[in-house]
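Enquirer: Please read through the structure below; I'll follow up with questions.
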Amino acid sequence: MVNAGDMNGSGNLMDFLDEPFPDVGTYEDFHTIDWLREKSRDTDRHRKITSKSKESIWEFVKSLLDAWSGWVVMLLIGLLAGTLAGVIDLAVDWMTDLKEGVCLSAFWYSHEQCCWTSNETTFDDRDKCPKWQKWSELLVNQSEGASAYILNYFLYIMWALSFAFLAVSLVRVFAPYACGSGIPEIKTILSGFIIRGYLGKWTLLIKTVTLVLVVSSGLSLGKEGPLVHVACCCGNFFSSLFSKYSKNEGKRREVLSAAAAAGVSVAFGAPIGGVLFSLEEVSYYFPLKTLWRSFFAALVAAFTLRSINPFGNSRLVLFYVEYHTPWYMAELFPFILLGVFGGLWGTLFIRCNIAWCRRRKTTRLGKYPVLEVITVTAITAIIAYPNPYTRRSTSELISELFNDCGALESSQLCDYINDPNMTRPVDDIPDRPAGFGVYTAMWQLALALIFKIIITIFTFGMKIPSGLFIPSMAVGAMAGRMVGIGVEQLAYHHHDWIIFRNWCRPGADCVTPGLYAMVGAAACLGGVTRMTVSLVVIMFELTGGLEYIVPLMAAAVTSKWVADAFGKEGIYEAHIHLNGYPFLDAKDEFTHRTLATDVMRPRRGEPPLSVLTQGSMTVEDVETLIKETDYNGFPVVVSKDSERLIGFAQRRELILAIKNARQRQDGVVSNSIMYFTEDPPELPANSPHPLKLRRILNLSPFTVTDHTPMETVVDIFRKLGLRQCLVTRSGRLLGIITKKDVLRHMAQMANQDPESIMFN
């Protein structure tokens, strides 16, 4: 510390970062973090703790607590995420059944739970039990006939509308960030963007409650994507309790990556798939340490969910299947066809949904979110009720489509014509001709498929929590089941054809339609999200069908290839670009031959770059510069004539430093000189107190020369997570390139609107 009083009698010269003041090192809302700086700060913190741990036993204990705090956070995230997922599953089951009837013995029981507890339920009538009554039975004592059907139909619509209205009202009033799937924003936040409140406590509470309401309303959406958002809210809450994470945005994002894995783990009962999903789909920075912690968080979350046992089947998996027939090489052709269908559906969905969401943003439609939700819910309920495959919850529908037809199945899909002379074991039922029920189910499924494809386009993106995994899987499962039944009947009636002759003998169980539904579900989900490895792992964890990895891989890869042929963006990347978030995707390739000088600011004809000098500007000059510009920071140069680069000062830290200096140091006035040097020069005796701000200066800002190829610059921004990069020639400052400039240049090169990138 230099004693200025020795030089000019004007008192002590203070460097205000010798004692850190509040909010220094934090970022403003809708701005990008500086990954290098956060990493450097964490390294300094760790070095300080390690050196102090040798001083005393208490400091050593504190260092151990600091080392274990990461695992404690993971444990807490897993416990809370698993508990919330279990509660959501139980509540959704009850409220979905509430649209059709109520349990007389205990109104909080779902239909299935009500019939479990009844002693009067027989196996043949297991879906009917005296304790469960439809609304028509309860209100007018009629279970059959037109009047009973109309009353049940009307009450089904009323319940759906009331659930949806309550959900959209809660979101609009209490937590606007609780809408949507949340995964596009989570990806953006994990890439280093700040969206304050997006992972807050109110968002967590409202998203959990409204997720139950919207899924129960029967809208074509799922709870899986929003559960990732819910788990990340849990991660944000617990990381704020530990200074190691609350004061470092880079470390916080490591916790959020692990929380995303826990979210998928409880959404599907797929802990390994959750870790791979976080790695492949949402995370930007995923060191090995985060992989281990993600695995632990996913394990704890899955264990907690299994303890709650919301599905009542003592299994963690959502759609457990047991197929008794292996798949054959000849079946790869229909599996690949399902992959093509998945890719085409993914392309159609992304283009139509983005067009509709853009229309919502740019027209008056976006001003009436409540009316839009009510309208879509009414249309969904009115069309869904008459068809048994759209009336039930989407999870139940997928479960039925995945099922193999055993001897005890009562589903229409299993209404085959049995051979009276059949004396085979119960599990090994041969292929049989389709009965009337199968043909009825086929056209009902075809109508349900068309309805799901259309209504999902308009549902995803409304101002309510809405996931896309389950609707996409339902579309694929319906298409797959129909293809499976078609192949099965073809093999039965034409077993002498060359493609069936080698593996399908008469009277054998050759084709499993449920497997085709499973493959179709994977293909459609892959087409929409562009997931591959994590998708296959999630699907076999979800169903327990480890034997069927090859068909799933074939369909997933085919759907990705087909969808990528029409456009590289998955649905989440498309929504990120629609919202103008500054997301630099690692999958994007930049192949254009432009240079840093083509992209940097200022361009030709623009005013010169706003800079600070190291020792000739007053406090008033700097405050005026800050007021007149909205830049995130300013390069510091020796003088405006030489323009030799010294470092870079962040706007927020300049504001905080000046504010604190005025409050805490006497004599700092508007015409006080600001110094960014280590040793300020001697000042005349009557001059005001100077202000030394060397400590807020970044002395090693990242620089490139003006002839650096943009391909290299893009790679640097992507791999180092930079906010900005300074352009120099022979040490002289020429300009600056920000992340927004890079993204706008990439958009321009791809013939897109560069102004769509709204945030820095």
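Every residue number used here counts from 1 along the chain in the order it is shown.
Keep in mind that glycine also has a Cβ here, set from the backbone N, Cα and C atoms.
The model shown is predicted, which means the values in this text are computed figures rather than measured ones.
Not my notes, these are from TrEMBL:
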- 68-92: transmembrane segment (TRANSMEM)
- 153-175: transmembrane segment (TRANSMEM)
- 195-215: transmembrane segment (TRANSMEM)
- 227-243: transmembrane segment (TRANSMEM)
- 255-279: transmembrane segment (TRANSMEM)
- 332-356: transmembrane segment (TRANSMEM)
- 368-385: transmembrane segment (TRANSMEM)
- 441-461: transmembrane segment (TRANSMEM)
- 468-487: transmembrane segment (TRANSMEM)
- 515-540: transmembrane segment (TRANSMEM)
- 600-664: domain 'CBS' (DOMAIN)
- 697-755: domain 'CBS' (DOMAIN)
Enquirer: Hey, does the transmembrane segment (68-92) touch the transmembrane segment (153-175), meaning at least 3 C-beta pairs closer than 8 angstroms, sequence gap 6 or more?
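Expert: Per Cβ check, the transmembrane segment (153-175) does not touch the transmembrane segment (68-92).
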Enquirer: Looking at the transmembrane segment (441-461) and the transmembrane segment (332-356), are there 3+ C-beta pairs under 8 A, with each pair at least 6 apart in sequence?
Expert: yes
Enquirer: Among the recorded stretches 68-92, 227-243, 255-279, 332-356, 368-385, which has the greatest number of Cβ pairs closer than 8 Å to the transmembrane segment (515-540)?
Expert: 332-356
Enquirer: For the transmembrane segment (332-356), which stretch among 68-92, 227-243, 368-385, 468-487 has the most Cβ pairs under 8 A?
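Expert: Checked against 68-92, 227-243, 368-385, 468-487; highest Cβ contact count belongs to 468-487.
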Enquirer: Give the nonlocal contacts of the transmembrane segment (227-243) in its own chain as ranges (CB under 8 Å, at least six residues past its ends).
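Expert: Counting only partners 6 or more residues beyond its ends, the transmembrane segment (227-243) has Cβ contacts under 8 Å with 69, 72-73, 76-77, 80-81, 84-85, 88, 181-183, 185-186, 189, 199-201, 203-204, 207-208, 211, 251-252, 255-256, 258-260, 262-264, 266-267, 282, 301, 465, 467.
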Enquirer: What are the DSSP helix, strand and coil residue counts for the domain 'CBS' (600-664)?
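Expert: Helix (H, G, I), strand (E, B), coil: 24 helix, 17 strand, 24 coil.
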Enquirer: For the domain 'CBS' (600-664), what is the mean per-residue pLDDT, to the nearest integer?
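Expert: Taking every residue of the domain 'CBS' (600-664) together, the mean pLDDT is 88.
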